[in-house]
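Accompanying notes for the structure given below.
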C-alpha cells in the first residue's frame, strides 16, 4: 500500500508591513505561524512608509524564522520546500523575503517556490476547509479588490477588479478625512456597528453585467458630504457616516459576488484579503449565502485574513505539487499578475 509522505512547506511573507514565517503540512495544517507587525511604526505617518517597512523586515526576518521553527519543534531537515511571496507588494519589502528564501534554499538544498500574494490570501481558506471547484474568490484588501474564478487548484481568472481605488484603500482615505487613526478600516467598521446608514451615498454598479468595481466616486462623495456639512455649520455623526459608507461598499461587493457565483455555477465562494476581517462584510455575505444552500461560503478566521506566511505556504504547496519551481534569479515583482502566475 502506498502511503503518501507528508509535505512540509516553510512560508515567508514580507510584501508590505508584516514580517512573517510559517510551517504548513500538506497545504492544510498549520504547524507554526509567526507574524511581526509594524503598524505602530507607520501610524504617525498615516500609511505604510516603504523605507521603514524594509528596515523592519531586515530586523525581523531572522527572528520570525527562528520562532517558526521553535514553535514547530522542527529543523530545516524536515522542510520539503520554501515558499515566498514574489509579488505584488513594495519592491524593497519583497526583496527581503525573496533574498532570505533564496539564500536558505541555496544553502540547504531545499526547492524554492515563488507565490503570488493574492493566491496566498485565497488559499488561506484551505487552511480551514478544502476548496471545492469551481469556486469564486472575493479578494478585498488595501491594494486589491477582485473577483477571481477558479476551475481547479492554481487556476486563476480575474473576472472583475477595481478600476481605481481598492476597497481597503477607500476605507483608509475616508478614515483619514474623518480624522480617524491609521489603519482606518477597523475604525470605520467599529463605528458602523453603532450607527445608522442614513447619509445618502452613491453605489458604482458600472455597466450592466460588469463584475468590476469603482470606489473613487464614493470616496469623493464622502469628502464632499463632510465639506458641505462643515460649510453649513452642521455635523454628521461619525457613526452614521461610517455606517452609510460601509453599506455602500458592502452592497456592491456582495451583490456582484452573488451575481458572479450564480453566473459561473460555482460550488463555493471564498472571502480573502485583509478587509475580509470586516465584521459588516462577513455578516452581509453570511446573510446572502445562507439562502443559497447550493453555494458554500468560506471565510477564514481573523488571524488568517491579514498578511501571514501560513497562507503563502498553503499556496506554495499547490504550486510545488504542480511541479513549479523558483529559480535563483527570482526577484521581487511589485506588479506581478495573478493570471500569469
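Count begins at 1; order follows the chain as displayed.
Each Cβ is built from the backbone N, Cα and C atoms, and glycine gets one as well.
Swiss-Prot names 139, 140, 141, 142, 143, 172, 185, 189 as substrate ligands; from the candidate set 33, 99, 278, the record adds 278 to that same site.
Cross-referencing 240, 251, 307 with the Fe cation binding residues that Swiss-Prot gives (117, 121) picks out 307. Using the Cβ center of 117, 121, 307 for Fe cation, the list of other same-chain residues with Cβ within 8 Å runs, in sequence order, 13, 15, 85, 118, 120, 141, 273, 274, 308, 311, 312. Rounded to the nearest whole angstrom, the C-alpha distance between residue 117 (Fe cation binding site) and residue 278 (substrate binding site) is 20. A simple Cβ count within 10 Å picks out one of the binding-site residues 143, 185 as the most packed, and that one is 185. Residue 139 (substrate binding site) falls within a strand segment according to DSSP.
For the substrate site, whose binding residues are given in the record as 139, 140, 141, 142, 143, 172, 185, 189, 278, the maximum C-alpha distance rounds to 18 Å. The DSSP secondary structure for residue 307 (Fe cation binding site) is coil.
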